[in-house]
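The structure appears right after this line, and notes come after that.
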Amino acid sequence: MACPGFLWALVISTCLEFSMAQTVTQSQPEMSVQEAETVTLSCTYDTSESDYYLFWYKQPPSRQMILVIRQEAYKQQNATENRFSVNFQKAAKSFSLKISDSQLGDAAMYFCAYRS
């Protein structure tokens, strides 16, 4: 049972990739934050490709997967979508999602994905 005022975000290590020999890893199995806090979810990946896309999806209790944000590897500017932003570090192969001013509706499982 969740406590009022707390958001539960499950982060499942997953590999939602569309090409072979690529790996995507998420390190946090579960997080909880209070409403209005900022939370950062981390993702690393391994690829030898130079042109690719990275995505963050969320799956709320309704079980419908929703695209939160995407980043093209050739763009140097980090993607931003309302309260969601990424910290994309191509050289370090790191792709973190930052959720600012978290809300109860943000409670979900979050998935990092790669596509070449």
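Yeah, the Cβs are placed from backbone N, Cα and C, and that goes for glycine too.
If you check Swiss-Prot, you get these features:
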type	residues	note
DISULFID	Cys43-Cys112	disulfide bond
DOMAIN	22-116	domain 'Ig-like'
CARBOHYD	Asn78	N-linked glycosylation site
SIGNAL	1-21	signal peptide
Exercise for review: Can you see whether DSSP assigns Cys112 (disulfide bond) to helix, strand or coil?
Suggested key: strand
Review point. If you average the pLDDT over the domain 'Ig-like' (22-116), what number do you get?
Key: 94
Review point. Where does Asn78 (N-linked glycosylation site) sit by DSSP, helix, strand or coil?
Key: coil
Practice item. Fill in the CA-CA distance, Cys43 (disulfide bond) to Asn78 (N-linked glycosylation site), as an integer in Å. Key: 15
Review point. Near Cys112 (disulfide bond), how many other Cβ atoms are within 10 Å of its Cβ?
Key: 27
Point to revise | Reduced DSSP assignment, Cys43 (disulfide bond) | key: strand
Revision key, fill the gap. Smallest number of other CB atoms within 10 Å: among the recorded positions Cys43, Asn78, that is Asn78
Check your understanding: Just the number: how many Å between the Cα atoms of Asn78 (N-linked glycosylation site) and Cys112 (disulfide bond)?
Key -> 15
